[in-house]
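This report concerns only the one structure given below.
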Amino acid sequence: MTIEMLYSKIHRATVTDANLNYVGSITVDEELLEASMLRVGQKVEILNINNGERFSTYIILGERGKRDICLNGAAARKVHKGDKIIIVAYATYDEKELQNYKPRVVLVNDNNDIEEILESI
């Protein structure tokens, strides 16, 4: 049996921009991607804490150190600059993999600086 579980999330990221006139996606700072073990092109769920919106998109690479979190294309209609969001990725695990299951949780501050990295929910 396999089960879909949390793989990684960036918790309470601040939206730095919303660019409607761009091919759809979410731009994420390279350092945040590395810390969260997320990958360019990976499907992610976006949970908007401010308005309750939940939608999916894919990741594109943001410039290292700029702390950009930018929703692009149609997704830009679902957020406003300054909104708090959670960027979530799931993965499918089998029973054996679940014995050592440790999701990655990256906690960020209002400037999208990493405050803590957890390996638990």
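Placed from the backbone N, Cα and C atoms, the Cβ positions cover glycine too.
Quick caveat, the model's predicted, so the values are computed rather than measured.
Every protein chain considered, the tally of other Cβ atoms within 10 Å of the Cβ of SER25 (active site, schiff-base intermediate with substrate) stands at 20. The active site, schiff-base intermediate with substrate annotation in Swiss-Prot covers SER25 and is backed by sequence analysis.
For the recorded site, SER25 (active site, schiff-base intermediate with substrate), the DSSP three-state label reads strand. Annotated pyruvic acid (Ser) per Swiss-Prot: SER25, in sequence order, evidence recorded as sequence analysis.
Residue environment of GLY73 (substrate binding site) contains 16 other Cβ atoms, counted within 10 Å of its Cβ in all protein chains. According to DSSP, GLY73 (substrate binding site) sits within a helical segment. What Swiss-Prot lists as substrate binding site is THR57, GLY73, ALA74, ALA75, and the listing cites sequence analysis.
Swiss-Prot lists TYR58 with the feature active site, proton donor, giving sequence analysis as the kind of evidence. The C-beta environment of TYR58 (active site, proton donor), restricted to residues of the same chain at least 6 apart in sequence and closer than 8 Å, consists of GLY24, SER25, ILE26, GLY41, GLN42, LYS43, VAL44. Following the DSSP three-state reduction, the secondary structure of TYR58 (active site, proton donor) is strand.
Same-chain residues that are not part of THR57, GLY73, ALA74, ALA75 yet have a Cβ within 8 Å of the Cβ center of the substrate site turn out to be GLY24, SER25, ILE26, PHE55, LEU71, ASN72, ALA76, ARG77, LYS78. Burial estimate for the binding-site residues (ALA74, ALA75): highest at ALA75, by number of other CB atoms within 10 Å.
Sequence-distant contacts of THR57 (substrate binding site), defined by Cβ-Cβ distance under 8 angstroms and a gap of at least six in the same chain, are GLY24, SER25, ILE26, LYS43, VAL44, ILE46, LEU71, ALA75.
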